Amino acid sequence: MSLLQLTLRGANRNIRLYAIYLFAMIAGVVIHFTFSSLMYNEDILNVLRNSDMFRQGVTIASIAISLFIILFILYANSFFMRQRKKEIGMYLLLGMSERQVTRMLFYETVILSVLSLVSGILLGGLLSKWFGMLLMKLMQYDQSVSLSFKAGAVGTTAAVVAAIILIIWLQNLITVHRVQLVELFHARSIMEKPIRTSAIPALLAIILLIQAYVLIVLGRESIVWKEYGLFSMTAVSVGIIAGTWLFFRQFTGWILARLGKMPRYHEGNTVLWTSSLRFQARSNALNLTFITLFSSALILLTSFVAINYSVQFSATEKNLPNDIAFETLDGETDSKLDALIRGFEKEHPVLDYRVLHTLKADAVSDREIAFQGEEQFLEGLLLVPWSTFKEFEQLRGHPEPIELSGNETIALSAGIDIPLVHPAGSQPVFEIQVGSAPLTLSIKEQLDYSLLGWRTTIDDSMSSKAAVLVIADDAYASLRPSAEEQTFQIYTIEDAGNAEELSRQVQLLFYSAAPEGYYSSFADVYSKQIESSSLLLFSGAFLAVIALFALASVIYFRQLREATDAMTQFDTLRKLGIRSGQVKAVIRKQLLFVFAPPLVLGLLNSWLIIDSYMLSTLQDYPQLTSIVMGSMAVYFVIYVMLYFSSASVYERIVSRKL
């Protein structure tokens, strides 16, 4: 019998294992080809305004997806090999050399990989059309996407599969070479020893987790984080990682030991499901720690990309509140610019036009006092009267600003993490120079607000922003005679998000006359921001799917392995009179003890981080909380479904129905 015939015969005998392994490989190929094909789809590329950025983003995401898939397949192969070690031991005992066994495994890998590649490309091609339409929907483009099998996508997917074949061959080679023959026969019968537990390390696990959670809840604005940032970061990382590991290695074992000392421990089925867990505590500790931390990272990823996508629509309007705005130049150039803008009357009619009057000033104090991240602001300061600021607030549908008197000021510190209101007596002092006259201002409020949006250019969509101070009307009137005035032309147009061509022509004319002048356009940023955030959401969702699939596989394969190893024990229990219903109850309680803690800790870790470091800085977007809760709810439902699925498969295996 040839090695190829032996390979096919072995596959026929282990059809269940091969089906699981083949499904894992096909899923990986489908995900990779579906994503890669989008990069080569001309229907998508033709409608994008930033196709180069799209290609670059998809390329980076494809590399990350490829690495995920390779690691996932390697894990599946390690499970596959462990389940077949007794079979491999038999081949070696019958006289086959390690080289022949490795070659047989190589044939298996090639056959499975080719089947996975063909099936995955066919399924991925169908899914790529649907996902392409979803991407266009996210980017708000009304564009149909055709079904296509591009050579580039096929080639990159085939290259990934070839890399998987090579890596698996090396993995199998090392596995066969390192394991002794006696170990192969006993690989599935080696029992772990229960870990000795005590109250001290169990208590230490809880202390580490609590101190990490306390530091997270305090937030980065607390004195602890400001003064001891590196120490706090280290304490949180060590607390979560080490605390989680000790939780599963010591605390859960200690809980199980305490259950064993209860008076009614031997009543019911408690002794059956707890004894097995005590013997698995050593291997479960690292596995469940990984699942917990991976779950936290997965929820953080999905929440971040969902928040980023949701915020971009409002954030773009917030950062660039004016459809078109530019500083006044000479009369001739301003007339040309006005004529050019009104020349697009059919596509983008002018809905509103106004002139913003400001006074130029220079900072004497450190600008960081008034403007957080002052390096992002243009040089110099602009002073605006309170009445003008109130007019713009009403125009944009915002509530009336707080009133100012004397030398009080409102600093429009666009991008500040947390807006601040300073009570009388503790207002920061900010000194400026207006013309030749010095002026000392008291900062009453620092707002995350843009009166004049980011300066935009052809090469850089958001380069810098204007530093604006709102002062009392009386103070403005007294400074005006001796100060240099700066005015800005502000246009509101229809369908501003799609006015790239209008903005491009206005930019060319404006910057040819004033290369260093101020020009801002909503359209210059909107398309790039929406496309980039949509791509980030799409890529993040793909990575989340792969990560969730990998996480499910880690749990699923481990339960399959443990169920296979536990078949003999459950056969013995049946012979002792344990009914089928009691066996199911034991399995479900045992798996619940394995599934529930990682789920609870993962959700708790991610929620505390999201709430303290994302939602707290985005209080202007109350809808984000429901988005995060929705992401967590989806993860919870999927995780619960995985629990019931694993329990069902576990029951069927130990009942020898699978």
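Glycine residues also receive a Cβ, built from the backbone N, Cα and C atoms like all the rest.
Since we're looking at a predicted model, the values are computed, not measured.
Feature annotations, reproduced from TrEMBL:
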- 20-40: transmembrane segment (TRANSMEM)
- 60-80: transmembrane segment (TRANSMEM)
- 60-170: domain 'ABC3 transporter permease C-terminal' (DOMAIN)
- 105-127: transmembrane segment (TRANSMEM)
- 147-170: transmembrane segment (TRANSMEM)
- 198-216: transmembrane segment (TRANSMEM)
- 228-248: transmembrane segment (TRANSMEM)
- 285-309: transmembrane segment (TRANSMEM)
- 535-557: transmembrane segment (TRANSMEM)
- 591-610: transmembrane segment (TRANSMEM)
- 630-650: transmembrane segment (TRANSMEM)
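The transmembrane segment (630-650) makes no contact with the transmembrane segment (147-170): fewer than 3 of their CB pairs lie within 8 A, with pairs spaced 6 or more apart in sequence. When Cβ distances are compared across the two stretches, the transmembrane segment (591-610) makes no contact with the transmembrane segment (60-80), since fewer than 3 pairs at least 6 residues apart fall below 8 angstroms. Note: the stretches the transmembrane segment (105-127) and the transmembrane segment (285-309) are not in contact (fewer than 3 CB pairs below 8 A, sequence gap of 6 or more). When Cβ-Cβ distances below 8 Å are used as the criterion, the transmembrane segment (535-557) is approached by residues 20, 24, 27-28, 31, 35, 53-54, 57-58, 61, 64-65, 68-69, 71-72, 75-76, 79, 131, 134-135, 138, 287, 290-291, 294-295, 297-298, 301-302, 304-306, 308-309, 595, 635, 638, 642, 645-646, 649 of the same chain, each at least six residues removed from its ends. Residue counts for the domain 'ABC3 transporter permease C-terminal' (60-170) under DSSP (helix as H, G, I; strand as E, B; rest coil) come to 94 helix, 0 strand, 17 coil. Contact between the transmembrane segment (147-170) and the transmembrane segment (228-248) is absent: fewer than three CB pairs lie under 8 Å, with pairs separated by 6 or more positions in sequence. Confidence across the domain 'ABC3 transporter permease C-terminal' (60-170), taken as the mean pLDDT and rounded to a whole number, stands at 79. For the transmembrane segment (60-80), same-chain residues at least 6 beyond its ends with a Cβ under 8 Å from one of its own Cβ atoms are 17, 20-21, 24-25, 28-29, 31-32, 35-36, 39, 156, 160, 163-164, 167-168, 171-172, 535, 539, 542-543, 546-547, 549-550, 553-554, 557-558, 560-561. Through the fold, the transmembrane segment (20-40) approaches residues 54-55, 58-59, 61-62, 65-66, 69, 72-73, 76-77, 80, 112-113, 115-117, 119-121, 123-125, 127-128, 131-132, 135, 148-150, 152-154, 156-157, 160-161, 164, 539, 542, 545-546, 549, 553, 557, 560 of its own chain, all at least 6 residues removed from its boundaries and within a Cβ separation under 8 Å.
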